[in-house]
Amino acid sequence: MTTTTRWRALTRHNLFWPVAVLVALLLVNIPFTPDFFAIHMTDGHLYGSLVSIVLFGSPLILVAVGMTLVIATGGIDLSVGAVVAITGALTCSYISDQKDQDALAGVLLAMGLGLLAAVVCGLWNGFLVARMGIQPIIATLIIMVAGRGVAQLITDGQIITINSEPYKLIGGGYWLTLPFSIFVVAAVVAVTVALTRRTALGLLVESVGGNAEASRLVGIRSMRIKIMVYVFCALCAGIAGLMISSNTSAADGNNAGLWIELDAILAVVIGGTSLLGGRFSIGGTVVGALVIQTLTTTIYTIGVPTQTNLVFKAAVVIVVCLLQSPKFRAKVFGARAKTTAPATPAAAPAEPAPKMEVS
Amino acid sequence: KEDDSAGDSAGSGGGKKITLGFSQVGSESGWRTANSESVKSAAKEAGYTLKFSDAQQKQENQISAIRNYIAQKVDVIAFSPVVVTGWDAVLKEAKAAKIPVVLTDRSVETSDDSLYVTLVGSDFTDEGRRAAKILEKVIEKAGLKGNVKIAQLEGTTGAAPAIERAKGFKEVMDAEHKDDWKIVVSQTGDFTRAGGKQVMAAFLQSNPDINVLFAHNDDMAIGAIQSIEAAGKKPGKDILIVSIDGVKDGFVAMSEGKINAIVECNPLLGPQLMEVVKTVHDGGTVERWIKTKEGDFMQDQAKAALPTRKY
Amino acid sequence: MAEPQPVLEMTGIVKEFPGVRALSGVDFRLFPGEIHALMGENGAGKSTLIKVLTGVYTLDGGTITLDGRDVRIGSPLQAQHAGISTVYQEVNLCPNLSVAENIFIGREPTRAGRIQWKRMRKEAAEMVDRLGLDIDVTAPLSSYPLAVQQLVAIVRSVGHGDSDGSGSGTKVLVLDEPTSSLDRDEVLELFRLMRRLRDEGVAILFVSHFLDQIYEICDRMTVLRNGTLVGEHLVRDLDQVQLIELMIGKALDQLEELHDHQLHADVGESLLTAEGLGRTGGIEPFDLDIKKGEVVGLAGLLGSGRTELARLLFGADQPDAGKVTIGGKQVSMSAPNDAIGAGVAFCSENRKTEGLVPDLTVRENIILALQAARGWTRPIPTAQRDELVAKYIKALDIRPANPEARVGQLSGGNQQKVLLARWLITQPKLLILDEPTRGIDIGAKTEIQKLVVSLSEDGMSVLYIAAELEEVLRLSHTIGVLRDRKLVARLTNGPEITPSKILETIASGEQSGEQQ
Amino acid sequence: MSTTTRTPTTPDKVEGGTPSKAARLLSDRRLPVLVTAALFLAMYIAGLSRYQNYGFGDSQVFLNLFIDNGYLLVAAVGATFVILSGGIDLSVGSVIGFTTMLTAWLVQDVGLPLLVVIPISLGVGAFGGFLMGYVIHNFEIQPFIVTLAGLFLFRGLCLVISKESIAINDSAVSSLAETRVSLGLGDLSIGALVALVVLAAAFYILHYTRFGRRIYAIGGNEQSALLMGLPLGGTKIAVYTMSGFCSALAGLLFMLYIQSGDPLHAVGMELDAIAAVVIGGTLLTGGSGYVLGTLFGVLVLGLIKSIIQFEGTLSSWWTKIATGVLLCAFILIQRVMTTRKKA
Ligand SMILES: Nc1ncnc2c1ncn2[C@@H]1O[C@H](COP(=O)(O)OP(=O)(O)OP(=O)(O)O)[C@@H](O)[C@H]1O
Ligand SMILES: Nc1ncnc2c1ncn2[C@@H]1O[C@H](COP(=O)(O)OP(=O)(O)OP(=O)(O)O)[C@@H](O)[C@H]1O
Ligand SMILES: [Mg+2]
Ligand SMILES: [Mg+2]
């Protein structure tokens, strides 16, 4: 009895299904790569599939975390991919112009410059959405289209290769035997969680997304909040841009972060945040992003023929979404649940049921 | 907008300046940008008025660009087709308007051969074949014994260079190395460094015994090299690498011993194109297929060739 | 009345929501040609019963028989086909469509599949007219105030029978608190319509928290408490006191005391002055002065501009003329923040669209305004927050008393209380209450009125808007009378001010009483 | 309360204010479309004056807008239905690509006659839309995600049919593709004509059928629509089916336009379609907009493309930047013009 109730409470938890899918996907790899979970030391750092999932998934996690807040306000940001490209391009082109590419000051300045550009993009998006009242999808489409042009303008259409050890650290380096990017992601996620849950920002964001007019009438400065989340999202995309360009030590204005916005949105939704705005879950988003990255890695390792990559991806996305849909679960598993546990409803006490699980 | 009117003097035979409409595929790679730049600077040098448009990888954009060139009554139309098929209708319109069409970079499939005059460019399938050939040399040089386990990094799925390079490579492999060569894994790296790096990292997990990498372009090879190093292996030694394109960074990697051989695919076909345009415009005859000057490079040639790389 | 066959019979109805058992084994019968009241406190399960009946919720137990046959109603559409027309508690129409379309959508007059717009508009105009409404049926619904929307919803459900031409028509008409935002005139109009339908043999299920209305129009009633059936009675067998005792489940003691309470006299100096404040298309420029500790009531007919006036004082709409001074300082009323900063709070009449954030919890909704005022960097400390929330949940008797419950799942009345709590917690200087007692049960209504009295005794000023004139009269020191979106009179409350006096003022549009 | 006397004959009901206000609001709803149309004209005239010498004034250049964007118009009309109902369809581009592949494969490799292939393709597209609608409605999964899965799926299926592009040399196809209908001022292709017919049909459906009005109702407030007894599920599924159908039809037109199937055709075209709908004044939140606006949205996008091609000196990245800037200028002007009228 207690185990069944605990199990039911667990399955009701909003992270249960995404995590279950993540675990399932990881397990799928075992028959194909028996030592999939093995991690060993190579060249003084940890090496293994799990490490590379986190390493290559880092930019997606970052972008998706930023995207979560935007979506929570009822918006959407299509420009993140372009921002990734601009940031990487600007930073790399600045570094490549330096005489000593290893000089820390120069690298920091370059990164600052790149992130500044990202913030400017975010401000512009925020301005269009919050101030001008333009629909987010179209407001951010502008930078999505023009931004890549700007990135290519900066790189002159070429791939800029740099050779800077300090810059390499962010996206490709290791620290304490772990990929440095894990620490960056952890820091950004921690800051985001702190910012939204330790302060009232999360509440206000959810309120704006849940009912914009009501929020205005309780005196929430929704314009400011919206601008803030777009800037934050762009900043996250900017950091992801640094990471992507640092990972390969090259800035590719055309391909860096291509279609990352779709994956990010997908991650947010898999994580349980509604695209209509309102309630959001950063933890869910991180899991969602890991699901997507694991899926990508799985496609590479289990030897799916290239032409069926997308079909495979579509199938997984559909399965994840179906599993997450309470309606689907009720229809498919519902019948069985009723027959196996008929005692539970009858035994339900007349007094109010136990308090619901709170995240 | 009338521009470049100052450069009139260099026009052909003192007559009216030639107007060339050029529709580029896009700017998806450094190779492509170098190609565009080459066309632009060559046109300027030759004193032609160049109408340039970028199709952003979309065939429909190229078609409407060509339509617009027809409406603008340019003298010659040149374009690098996004895909091989589907050009009949618009090329017929060009023909009806008596505007000669020159293809660059790759061919098209048409029902009527008179729809275009000539093709200036290389052949992706041939590049694949050359890659396989040079791999033979590389293996021999490295003294690799036993079975050759190849990992292939494909270009964007569905894109012609990816399909044809793979085809050419396989052709040679099937014909000459049916028993000793095997492609053990093959995935798309989307022609990008990040893609190459990620896919290679996964390959090394699932098939640690790979000893040869064939990448459809240099960028993917460069990305893959990083993954190979991260796995504690030596690119160029533990894993032999052959790639196609010949961009500068590729040559840098080759001179460092990380890539074993590169099959060149030369984007700088602007000057050649301009010559052809002039001949065509003046009513001369040209060959059906004008191949660009390209070479294959092994490691020992890398150092020498590096300074000549422009892009 | 000999017992005929009931047209509708629900037996042993059970409905559970996660954590709440909203209905446990309720029986309900409805006879043709009767108006049947469904009574109960907020959260008793009235709306849930209606939604189960009309297929919005699936039932977890029990049976429904219609005309003696067992039925399974899976959706509102099926309910309509079965002859059940419903007006739900919250206005459920499409704000983007025109009034005419809202009335007709789903059964527009067509010829060969093509909608006949002209005919539809004409018929809609006639139907609206019959309820005594004079509005442009081609304008989008959202351009009308809630009360008009409520009437449109009624027109839609009632009209369902006649215009179908199918002959079957409506057998059962369900009205869930249709009168909560109507004023006396509209209510009478509605009653006339209900009587007509009853005489035609339609069975009407009517929910209202106005006991007077129940006694005026209903024949029979079913009382629910906490999701269980308390009893079914003929209206004439029960007096109001007995009914209330049935509803709340205990003897009644304090309810009466408000009726003869004295307005406190210590009204202080001026708190808010509005001079020439107005907005074209909204309300004509008006002057208003609200003193510290004073309750100012607004009286007027539906659409007379009470809400518009309140919104201007709060900065919810931007005035295009005039100025506002609060506590001696001029405040630019460009956004609600300005007003909130100056100590004004505004409890909107439209809790669904302008009030609550349905996905957030009760706790979060309650602290929202306070938190917004503090800014996002200064969250309310957890302990203090929980204490405050618990205090107001208790004070206003919000049920379920679980601060973690989603507000969207609360019953209508309890949602209203959450909204009130939100603003009380900010301890404003001026509290604007636009129909705060809408949809609130009789017990809670008295509580809220008592609260207003005690707040004003403590020095808070209140601007009070309510559909019931008596309510306004009982509480206010001063009454502003509106007519045609113009503030026409200000009356100081006193024994000589009666509802009929106010109605006269409204009718004549002149200040017949003493000038202030 | 019961003591209240009957209201003395109230000279109630506001007269004067109401109609004018209503009229204003009504015109407000159409305003975005008018503004878009006006801006399109302004842009066209600007293009005329700038590229006059290059034959921009040729009426055929104007008609080319329809020829070159017919398929986009059809796809955008489908997207309009979905967006009006409050949903979104990201699978448009992939379905178009898939249709070109499927028809090319059926005609070329399987050898079926075109007349058989057309209904098959339309049916497959509509069925795809139906499936997505079914999942969206029955399992209450957000349309964005379901159609995103559709995007992956159909693009994947393209590649499953063949990685390489398939040229169509069927004579029926090429004669259809090359047929031009003269309008006096210039010619229109079959594709453009079909697109205009689809537009007219969509207008009729949206404004003169119950189904069309239900779409608006659902877009306005889904919950209310349900409670008003509208067949929510049926309508939603029908809307996605319709969008799938329109995408497939757009795919056929696209196939005619380029006479080939290619797995990478129409990548990202869903964004063009959505952008066209939104530029045409339709709200992404649903319930408000006109299909005529979509026409102007498509024309604006086409015109931006034409202008850039006529400019002819832009390098690749400047093309992107210029597209973004023109789009932005357009949206901002549109926004400013529509809000100023309201105030
Ligand atoms: N969708 C829902 N999810 C969870 N609980 C719900 C839901 N709808 C109603 N409830 C709960 O069911 C109970 C009955 O609510 P109901 O709306 O039927 O009350 P009511 O009698 O109509 O009250 P009121 O007079 O305030 O409208 C309440 O405790 C409410 O919180
Ligand atoms: N005949 C009418 N009946 C009802 N409302 C109308 C009528 N004519 C106009 N209106 C609307 O009334 C609005 C002003 O109403 P407002 O909401 O301020 O009224 P109110 O006095 O608060 O009424 P309510 O009792 O509905 O809250 C105007 O916007 C106008 O559109
Ligand atoms: Mg209720
Ligand atoms: Mg009001």
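Every residue gets a Cβ built from N, Cα and C, even glycine.
The transmembrane segment annotation in TrEMBL covers D:31-49 (among others).
Under the heading transmembrane segment, TrEMBL lists D:61-83 (among others).
Per TrEMBL, the feature transmembrane segment maps to D:90-108 (among others).
Annotated transmembrane segment per TrEMBL: D:114-136 (among others), in sequence order.
Under the heading transmembrane segment, TrEMBL lists D:143-162 (among others).
What TrEMBL lists as transmembrane segment is D:182-206 (among others).
Per TrEMBL, transmembrane segment is recorded for D:237-258 (among others).
The feature transmembrane segment is assigned by TrEMBL to D:290-308 (among others).
Under 8 Å from some Cβ of the transmembrane segment (D:314-333) lie the Cβ atoms of residues 39, 43, 275, 279, 300, 304-305, 307-308, all in the same chain and six or more residues away from its ends. Annotation source TrEMBL lists transmembrane segment at D:314-333 (among others).
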Cβ contacts the transmembrane segment (D:90-108)/the transmembrane segment (D:182-206), at least three under 8 Å, sequence gap 6 or more: no
Closest-packing stretch to the transmembrane segment (D:290-308), where packing means Cβ pairs under 8 Å, from D:31-49, D:114-136, D:143-162, D:182-206, D:237-258: D:31-49
Stretch-level contact, the transmembrane segment (D:114-136) and the transmembrane segment (D:31-49), CB cutoff 8 A, at least 3 pairs: no
Dominant neighbour of the transmembrane segment (D:61-83) in D:31-49, D:182-206, D:237-258, by Cβ pairs under 8 Å: D:182-206
Surrounding residues of the transmembrane segment (D:182-206) on its own chain - C-beta under 8 Å, 6+ positions past either end: 58-60, 62-63, 66-67, 69-71, 73-74, 77, 80-81, 84, 176, 212-213, 215-216, 246, 249, 253, 256-257, 290-292, 294-295
